[in-house]
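J.: Questions regarding the structure given below will be posed in turn.
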Protein chains: 2
Amino acid sequence: MDEFELIQRITPRSLFHREIEIGIGDDAAVYHTKNGYQEIVAVDTMVDGIHFLSSHSSPADIGYKALAVNISDIAAMGGSPKYYLVSIAVPSGWHAVDIEAMYEEMNKLATLYQMDLIGGDTVSANGPLVLTVTVIGEIEKGRTCLRSHAEPGDVVFVTGELGSSAAGLAFILGQAEMKDEKQSQYFIERHKRPLPRVEAGLLCSGYHHVALNDISDGLASELNEIAEASRVSIDIYKEMIPVHSDLHTLHTKWEEWVLFGGEDFELVGTISNDQWERFSQECSERHVPVYQIGRVTQQGQADVFYHNGQDRVLLEKKGYNHFK
Amino acid sequence: MDEFELIQRITPRSLFHREIEIGIGDDAAVYHTKNGYQEIVAVDTMVDGIHFLSSHSSPADIGYKALAVNISDIAAMGGSPKYYLVSIAVPSGWHAVDIEAMYEEMNKLATLYQMDLIGGDTVSANGPLVLTVTVIGEIEKGRTCLRSHAEPGDVVFVTGELGSSAAGLAFILGQAEMKDEKQSQYFIERHKRPLPRVEAGLLCSGYHHVALNDISDGLASELNEIAEASRVSIDIYKEMIPVHSDLHTLHTKWEEWVLFGGEDFELVGTISNDQWERFSQECSERHVPVYQIGRVTQQGQADVFYHNGQDRVLLEKKGYNHFK
């Protein structure tokens, strides 16, 4: 594959942001920033065989998800994504048409948020495909939703159903039995094509002292991060956590998927009790789902508890390695 | 290797830039920008076996170069580097101590420029080590040194000797015979530890309409990029190009190294004739080397010519793949 040719094909012909002085085509990208705003930067790397399986995901799926998970990081700060850069190490078995399909799908997703591709690097690899995406966003000063913002008395919320991505992966890996084609496709879609909760994040940034994380490593892990950063304890309740109505029929492990599965890329956060009603009202008006799942309980300790009927168990900060 | 533990070990304990609201430790990094400045972003990926050979370079060498080449991209815009993010896909054969050595060396280099590590990603890989570094810098508005800035009559200059990095690589690969240990070490050092020309780039940004590139792909390729972006032709002269006094004794290919070898990470640029004297004077006062190597000759065509005695030959935009 000729790198110059690929760059010409993927270089956007038009840009959303006029603040860009130079996008692709010089040593680096250059852009103006807005007064009163801060910059937000996130970077994530995905490796074939570790974070996705090219045998089970199309190049378009892979490109989509690599960009989506980084947009999700910007959303988890309450910000607006604006720019992205794509670095890709391509094994010799891949064709230019696959790489183009990957960029094309990233471009489609980026267009939803009016994001511009401003740079990157394309190199050959003597190993699996490695895709690194950098996303740059912005947020008004003083509005960042940090993990350290949780306070006792806060409502704990999530923006959508959990465990569905892990269910989709179980279908892909043949670890769950497909009974209904349409149903399993739904879950697989949730795994391959998570929609970053940008609008929900932006709504959160309009309220005071919201803590926010995106659920990449699983609810337990994300809540523990908020608890540790804020030095608070958190109690969540099984019956309050939104799950797909069929989830429990798919596998005995469904509850583990909900708590530890990760990759749902919903947001989990905390907001003060006296803002909660106005916040949930505004979310409802804008058709942004939001569900209370528990409470921030006390200062000092940094424990997360899961209430299952009469039981109250400590939720540990463990992740979940799907391919092990 | 435990990712959480590694992150704790590499998270900087102090920061140069107070504009950072959040560095490592949330979903994304957040920082303020300065009024009247633009942001500059560059990203580069290096793969073991393609861009470096871990059999011949220490983890410290690899880390150094991955950061240096990105700083060089910021320098080639005339900017100041400020932040960096490191994404790394680590094969199972690597130990935590190697990865730490890599970060430690990046930290040393970053400290020279008062740069802060503000984020990244560490993942396992089932293939070679892949290291992606994102560098963010800034530049005063209107001062960016773009490839498109060359104009007929401009002086063409470089900031240091060329071909030495390619010579170093030839020693590493056993393609050139080591006669003098100290001498070959000098060239190997030029290959493994290029010093990004940040100060030279900053000086350039103080002058009007300077075109600038860093020499990663070879002088011929970089000059062709300037010629194409500016729609001008360029003439350079063999006897004006600075090379190490021993270079011609090392290999019959030495001239190819100079023109096509690349990875010297010197800057090549153009500046108007009437600014040249003041510019070279200022460079000399600040001990920043700068050498005229030719002229921008005419508008319209985008050709680069190399004068070798009586001969004037077209220099094509070819790179040079060292491992092929």
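Backbone N, Cα and C atoms are what each Cβ position is placed from, and that goes for glycine too.
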J.: Report the candidate from B:D73, B:D180, B:D274 that shares the Mg(2+) 3 site with B:D27, B:D214, as recorded in TrEMBL.
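T.: The one candidate that TrEMBL places in that Mg(2+) 3 site: B:D73.
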J.: Hey, how far is B:H51 (substrate binding site) from B:D27 (Mg(2+) 4 binding site), Cα to Cα, in Å?
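T.: Just about 30 Å between their Cα atoms.
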J.: Given the binding-site residues B:D44, B:D214, B:E263, find the one whose Cα is closest in space to the Cα of B:D27 (Mg(2+) 4 binding site).
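T.: With Cα distances computed to B:D27 (Mg(2+) 4 binding site), the winner among B:D44, B:D214, B:E263 is B:D44.
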J.: In whole Å, how far does the CA atom of B:D217 (Mg(2+) 5 binding site) lie from that of B:E263 (substrate binding site)?
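T.: Counting only the Cα atoms, the answer is 6 Å.
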J.: When you measure from the Cβ of B:D217 (Mg(2+) 5 binding site), how many other Cβ atoms are you left with inside 10 Å?
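T.: B:D217 (Mg(2+) 5 binding site): 20 neighbouring Cβ atoms within 10 Å.
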J.: Can you count the other CB atoms that lie within 10 A of the CB of B:E263 (substrate binding site)?
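T.: Summing over all protein chains shown, B:E263 (substrate binding site) has 23 other Cβ atoms within 10 Å.
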J.: Against chain A, with Cβ pairs under 8 Å, which of the binding-site residues B:D27, B:D44, B:H51, B:D217, B:E263 show up? Give them in sequence order, please.
T.: B:D27, B:D44, B:H51
J.: Taking each of B:D44, B:D214, B:E263 in turn, which of these binding-site residues have a Cα lying within 10 angstroms of the Cα of B:D73 (Mg(2+) 4 binding site)?
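T.: Neighbours among binding-site residues, in sequence order: B:D44, B:D214.
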J.: Through the lens of DSSP with three states only, how would you label B:D73 (Mg(2+) 4 binding site)?
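T.: The residue in question, B:D73 (Mg(2+) 4 binding site), is helix (DSSP, three-state).
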J.: Provide, as an integer number of angstrom, the distance between the C-alpha atoms of B:D44 (Mg(2+) 2 binding site) and B:D214 (Mg(2+) 3 binding site).
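T.: It is 13 Å, counting Cα to Cα.
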